[in-house]
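Quick notes on the structure that follows.
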Amino acid sequence: MTKKKVVIGMSGGVDSSVAAYLLKEQGYDVIGVTMQIWQEDKEYEEREGGCCSLSAVDDARRVAQKLDIPFYVLNFRDSFKRNVIDYFVDEYIQGRTPNPCIACNKYLKFDELLQKAKGIGADYVATGHYAKIEERDGRFQLIRSKDDRKDQTYALYNLTQEQLEHTLMPCGEFTKDKIREIAKEIGLDVHNKKDSEEICFIPDNNHGRYICEAAPNKVRPGNFVDKYGNVLGKHKGIVYYTIGQRKGLGLALGRPVFVTDINPVTNTVVVGPEEDIFKTDLVCKDINFISIDKLEGPMEVEAKIRYSARPAKATISPMENGRVKVSFEDKQRAITKGQSVVFYKDDLVVGGGIIESLL
C-alpha cells in the first residue's frame, strides 16, 4: 500500500518540527518545506523566534535531517509581499488594523503551498498550528485545540472545505507543554525555542516606522480631535494608532483619553473617554463559513474580535451584500475595523469575517 504523501510547512519552531515527527510516526511520507518570504531589498534583521527568517531555515533543515525527511526551501517572496506586506501597509493607511498572519494563512500556507504540494503529487499539506480538523455530518470542521491557551483557530477561519480536506494539524491533539516534551524526548534542539509572537517582517515591532519607510508619501501628520471635531493636538500619522490606544498619544489634557476612531479621509484621530471604546454591534464582510454552508437566519454563537480576546456571547444575522451583523450580549472593548471576528459554536468554528464598521 502506497504511503500518503504530506508536505509540511516548517518554520524552524518546535510546533512544526514535532508535527513533522508525529506525521512520520503515523506512517505518512513527509516532505519538509520552509517558505522563503524575507525581502532582499530590505536589510533583514534577525530576531529570536522569527518565523521563516534566515536562522529559521537553518533550524528547519537541521530538524529535517534529524527526522530523515527531504527538505526544500520554496521562494514565496513575491506572493508574501503582494498578499501580506502590501495588504498590511494599505490597511493601516486606510485607518484599519489588519492581521497579517490571517492573510498569510489564507493566501500562502493553505493556497499556494497546497497548490505546490498537489503539483508534486502530495495528498496533504500540514502545519504546526494548534487546531483540529474532523469530518462531521458531511462537512470538514475546524475544531478548537486541546490546549485552549494556544488555540489558533481564530487565524484559520478562512479555510475552505477543499483546503480543510487536504490539511493535517497534528499538534491540535496535544498541549504545548506536551509538544515541547516530545521534542526533548526525540532530541530536537528546538525543544526550548522561544515562540514567535510579533509580526515576522517587522523585527522591532514598530509598525508605524515600517509603514512610513514602505510608503513615505502616504503618511502625514494631522490632528487629534474629539467626537465633535474640536482639535486637541497634533498626531504624527494615522498609521501609528489603533482603536483603544492610550499610550504614546503625546496629549496632555489633564484626563486619560483613548483612540475611539481613525478617519483616513480627514487624516484625523478621534480620542475620547474610555467608555467611548465600548460597543456591542458590528458589521463584517469577506465572510467564510466552515461549520455551515451559509447563514439562513440569526444564530447564537460565541465570537472573538481579536486573537487574544475571550469568546463572548453574540448573535450573528445575515445582511444584504453578503455582510453579517454581529450583536454582542455585553459591550466589547475596542472593536477594531480591519481585524477579524470569528464565530464559535461549542468547539466548532462556525466561520468569520473582517470587521468593516461599527453600529
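The backbone N, Cα and C atoms fix where each Cβ goes, and this holds for glycine too.
For the ATP site that Swiss-Prot gives as G9, M10, S11, G12, G13, V14, D15, S16, M35, the extra residue drawn from G128, G138, G172, G187 is G128.
For G9 (ATP binding site), the same-chain residues that are 6 or more apart in sequence and have a Cβ closer than 8 Å to its Cβ are S16, V33, T34, M35, K109, L113, V125, A126, T127, G128. Cα-Cα distance from S11 (ATP binding site) to H129 (site 'Interaction with tRNA'): 11 Å (rounded to the nearest whole number). Under the DSSP three-state reduction, G9 (ATP binding site) is assigned to strand. Across the fold, the C-alpha of D15 (ATP binding site) and the C-alpha of Q339 (site 'Interaction with tRNA') stand 25 Å from each other. Ranking the recorded positions M35, C104, C200 by other CB atoms within 10 A of the CB puts C200 at the bottom.
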